[in-house]
Amino acid sequence: MTVQTVKILSELVSTPVDKLLAQMKDAGLPQTSASQEVSEVEKQVLLSYLKRQHGEEGDNSQRITLQRKTTSTLSRDGGKAVNVAVKKKRTYVKRDDEEAQKQEELAKRLAEEQERLAQEKARLELERKQEEEKAAKAKAEAEEKARQEAAVKNVVADAGAVNETEQYVSDTGAAEPVESPKQPKASKKVSQPAMDSKKSTVAPKGKKGPVRHDNDKDKDKPRGRVNPDNKRTSRVNVNDEDEFTRRGKLGRKNKKPSKQEHGFQKPTAKMIHEVALPESITVADLAEKMAVKGAEVIKIMFKMGAMATINQTIDRDTATLVVEEMGHTVKFIDENAVENDMIEAIDYQGEAIKRAPVVTVMGHVDHGKTSLLDYIRTTRVAAGESGGITQHIGAYHVETPHGMISFLDTPGHAAFTSMRARGAKATDIVILVCAADDGVMPQTIEAIQHARAAGVPMVVAMTKIDKEGADIDRVKNELVAQEVVPEEWGGDIQFVGVSAKSGEGIEALLEAVLLQAEVLELTAVPSAPAKGVVVEARLDRGRGSVATLLVQNGTLKKGDIVLAGLQMGRVRALLDETGKAIDSAGPSIPVEILGLDGTPEAGEEFIVVADERKAREVANFRQGKYREVRFARQHSAKLENLFSEMGKDEVRTLNVVLKADVRGSLEALIKSLTDMNTDEVKVNVVSSGVGGITETDATLALASDAVIFGFNVRADNSAKQFIERESIDLRYYSVIYNIIDDVKSALSGMLSPDLREDIKGTAEVRDVFRSPKFGLIAGCMVIEGTVYRNKQIRVLRDDVVIYEGELESLRRFKDAVNEVSRGMECGIGVKNYNDVKVGDKIEVFETVEVARTL
């Protein structure tokens, strides 16, 4: 064995001698110079030390690493040789018997698993092929059966034409058999419908092409299906219309069909849909339910005489006609199912007790309704109201010696018709106020009609009986003319004379009301969830939406979930009519609540529900339905007016942004303003709402060139600055009369003026002569008024107008003058007219514009 020194060892391991000596010293070996010898044992000691330094542990005697270096010479074209050294390093590991055994077991298990998977795959493939063959066979049988039935029908249809059939047989030699051929090879051509339908897909035998394979290993297998006899067959597809396109190149659809290709035609029977129709539906949604295009529905509607667009909302009756016209069936659905289910789930059962009556005071304006209530309540409401008139519904409850009574005070002005109608619906008894010195007035008659429409009994209070000129008998006679007959005259209505100033008759009036309430036997269930009506609603800064409710049944508590019309919310606070916080309100108690997410419409019914999620769902549904109805109404109006507006002059519009303090006053204002609309001018309420005037309202008014009306509200600071900067017209009002008068005068100014002809004078022709400069001149005598030179004239002959024009010259003697008075002679030259005769009259007139009023 060759003896190695430290120097030789350093060359073998490619390590500097100094570094190797340092490592040997650290390993505890005695070598200190490069010439000293190194034994095999010392090499192993050094190797073990180095392995420990590099983190390797354990006995690695099973591992051996071999390095080999080979040197070769590479000759280049220039004759220069290049030495090439190749170093190779390999490591061999000798595994122990236990590890080798584990590796063999693992390999064996892997082989078994692969074999099992291959068998399972083969079984699934065989089942799939069998299913495809069954499906293809079933389709082929169905097709053959259809062909047979078609052939039989053709033979039956041709049975009546015997001569033509015989001629056809003689020409062709033999008729084709009716039965389908037993051998599929008998037909060498595929029928044209089968070729056009492209329902089959054939993989041609031996044809090479970019066919998609499930596995790369299948690339060498013959294309097509292999049956159990190892015979290749072509694959037939009758299910997938695009199978061939997916498996072949684009543009290679028109391949020659094989003998096994089957024809398949789509079913041509029309699909009849059952269309579920709500109360209203858009044309687009209706078309979607019938699986047709919107244009088809519009075409049908045009044929039926109805103009429509794809986004137009139509009613259920129109939709039913369209659906039946297109051959489908109709099924009506109830959109209010969720709402009805929620209402039906509320239990109003319980012990019924007697409740206080709800009394509405109605009558003509300034007949003393609020003053009468003031005396009963011992307050001074009327003195604090703008203009001394009531402009929203007030709700109060009063404890009297005879029992509790809840009062609703309604406005008497003509603009508040809807408020009076709501007051009549929400009440049990109506006190009809009629002034003894004024008698029956228009709003008195209207209040009678509202009470009768609501089926509410009346008690007549004749006010101002202590005033001079009061005539109770006259009032009774006028009311009898309206079929309101007092008890003493044989009727069923109590008449009571009262004075709100002295208090005369007040006790008798309250007794009459409570007597009527006893007859009605009014009851309620206090333990049930509350329900009633919204009397009024407004938007209050700092508190949000404030709604005045009248509880008709049940008890309203703080924290209840209230659903009122389009709005809902949890009751955050309950306030009585004096502003005092309370925890609950029973039947017949008016109360203000905070917590709704908006201002509900006055007159809406409210209920208390247990599930907040359902309440929000119903509120959202009502809002969506309201939007649909409003859009349908607007769209219908546009279509109806489309042709009627053609040829008319443009309507002048006064744009208005309207803000009010309460919802009822806002509604009355909108109705009063829109009632002023005519064919020439109209009021367009661009925006309306409850609450103060904001910068958003001012911006909208600027964009739409509108006037801002604030009724008992004011603009905030930012809105004031914006309005002053942009010079927007802002008007504040506290009395509804003033708004109506101002708008009426503004609309009157927008009307086109009337043209009126004002006759200034008449001259009679006494002689006719010619002038070389002016032609025919009429010598006239002014018999009426004054004749002016610069005004229009008419020539009358036997009091019939024969010419209308203007004067060319007016002279007295030889001087040209501007006017000639009555009783004086003058010469008149008529412009472009030379047929003046003696006895004609020349009438001078002026067209005057006269301002119109509404």
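Cβ coordinates are placed from backbone N, Cα and C, and glycine is handled just like the others.
Lifted from Swiss-Prot, the feature list:
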type     : residues                                                                     : note
BINDING  : G363, H364, V365, D366, H367, G368, K369, T370, D409, T410, P411, G412, H413 : GTP binding site
COMPBIAS : 61-75                                                                        : compositional bias 'Polar residues'
COMPBIAS : 247-257                                                                      : compositional bias 'Basic residues'
DOMAIN   : 354-523                                                                      : domain 'tr-type G'
REGION   : 52-79                                                                        : region 'Disordered'
REGION   : 128-265                                                                      : region 'Disordered'
REGION   : 363-370                                                                      : region 'G1'
REGION   : 388-392                                                                      : region 'G2'
REGION   : 409-412                                                                      : region 'G3'
REGION   : 463-466                                                                      : region 'G4'
Structural state census, the region 'G4' (463-466) (DSSP three-state): 0 helix, 1 strand, 3 coil
Site with most surrounding Cβ atoms, counting all protein chains shown within 10 Å, from the binding-site residues H367, K369: K369
Binding-site residues listed as G363, V365, D409, least Cβ neighbours within 10 Å: V365
Confidence summary (mean pLDDT) of the region 'G3' (409-412): 61
Secondary structure tally of the compositional bias 'Polar residues' (61-75) (DSSP, helix then strand then coil): 0 helix, 13 strand, 2 coil
Within the region 'G1' (363-370), residues counted as helix, strand or coil by DSSP: 2 helix, 1 strand, 5 coil
